[in-house]
Amino acid sequence: MKGKEERYFIPFLAVSDMLTSVVGSVNCIMLDVMQTTFTNNILCKIVFYTIALTAGISLFLLLSIAVQRYLIICRRHRLNLNSRKIMVAVSVCLSVACSVPFAVNYGVNEHFSESRLVGYRYGRLKHGVYLSGLVYAIFFINLMLFTVLALVFLYGRVGWVIFKHFNAQKLKQTNVSKETSTAEKLPNDSITNNLQSKTQELKNTDGSYSKPAVNPEWKNDSSIEPTQSSDVYTESTVPECSSSAAKNGNSTQPKRLKKTNRSKKRRRFKNKFTLMFILITAVSIVCYMPVGMVVLLEGIFPDFWERLSETVAATVLWLYHTYIINSIVNPIIYAFMDAEFSTALKALFEKCKCSKYYSK
């Protein structure tokens, strides 16, 4: 795979996004359908734990990718394979540790509406674990704020370096174009001046031209030729020398252009790859922040859902599930901004089409 080091985290992030999309969608549909008829306490704890686990892995992997991009772009430091493996393992372990309190503090509660029992609902437990639930809610929102600030700082530094690089490239291209135009004019001017000086030497003081004495040995020499318009003799070796020098210059120029184009292509790939992760991170922040706010409100107010009207509860419930949007949008961003990913995806679809065609 091209750019293997650059793409090391992508397979893990893709698997995590896929699990988050599948697990989150199935669990949320099940919970939404049985909002007041959910009675299995153990299943409720498993559902919340798996949702938090898969979503947490995605978020911590994004933080690991931000650290890697910061080190590559800003510090010119590349992580070795062991360091990247450790970062993936730490992301999984942190997600497991941060998801355990969901299994402790969440379960099935009696749900009241207008002081009347209407059923049983999943969510933050109201009794017995209020203090631990409050502490975890505060810890959870602080962890999310720290993650967001870290992502903003890291990608802010990366974006600033890329911005300065683009400005430097524009200035460099402007200077190179000016130097190229100046260099193109110089050989023509020098040849013209040389020819004028040769012509002036052959011109007499009275304004007439005289044919210089030609050595018999030069008669068959092709380097001295009479012009058809006059008797002035010019040395054809001058333009020949200049043309040979130009040929030598032109022969080395494609090599320089190839090297320049290759380095530009490499930098363009690196910058586009970084911008792709900046966009993915921005979408993740927008999708995860509402979830953090709802978890904080659940920790402070155990009867948070009972205080809401049906319309407001439906809106808050939709915000509670926005993390799934992040896992769905990420592959779309890969497809549009990662050329190798889109090429592999097209090849996969072509193989599927061919297999269907031959099966018929």
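Including glycine, each Cβ sits where the backbone N, Cα and C put it.
Bear in mind that TrEMBL entries carry predicted annotations, made automatically and left uncurated.
Keep in mind that this is a model prediction, so the values were computed, not measured.
According to TrEMBL, the compositional bias 'Polar residues' annotation covers 221-254.
TrEMBL lists 1-334 with the feature domain 'G-protein coupled receptors family 1 profile'.
Taken from TrEMBL, the feature region 'Disordered' covers 201-264.
Summarising the annotation, TrEMBL assigns transmembrane segment to 12-34 (among others).
Taken from TrEMBL, the feature transmembrane segment applies to 46-65 (among others).
The transmembrane segment annotation in TrEMBL covers 86-108 (among others).
Per TrEMBL, transmembrane segment is recorded for 128-155 (among others).
The transmembrane segment annotation in TrEMBL covers 273-297 (among others). Residues 3, 6, 55, 58-59, 62, 65-66, 69, 73, 137-138, 140-141, 144-145, 148, 151-152, 155, 158-159, 162, 304, 316, 319-320, 322-323, 325-326, 329-330, 333-334, 337-338 of the same chain, all 6+ positions outside the transmembrane segment (273-297), place their C-beta atoms under 8 angstroms from a C-beta of that stretch.
Taken from TrEMBL, the feature transmembrane segment covers 317-337 (among others). Outside the transmembrane segment (317-337) by six or more residues, the chain places 10, 13-14, 16-18, 20-21, 24-25, 28, 32, 55, 58, 272, 275-276, 279-280, 283-284, 286-288, 290-291, 293-294, 345 with a CB less than 8 A from a CB of the stretch.
Below 8 angstroms of C-beta separation, residues 9, 12, 38-41, 44-46, 48-49, 51-53, 56-57, 59-61, 63-64, 67-68, 79, 120-125, 129, 132-133, 136, 140, 143, 299 of the same chain, each at least six residues beyond the ends of the transmembrane segment (86-108), sit close to that stretch. Panel annotation: around the transmembrane segment (128-155), residues 59-60, 62-63, 66-67, 69-70, 98, 101, 104-105, 277-278, 281, 284-285, 288-289, 292-293, 295-296, 298-300, 302 of the same chain, lying at least six beyond its termini, place a Cβ under 8 Å from a Cβ of the stretch.
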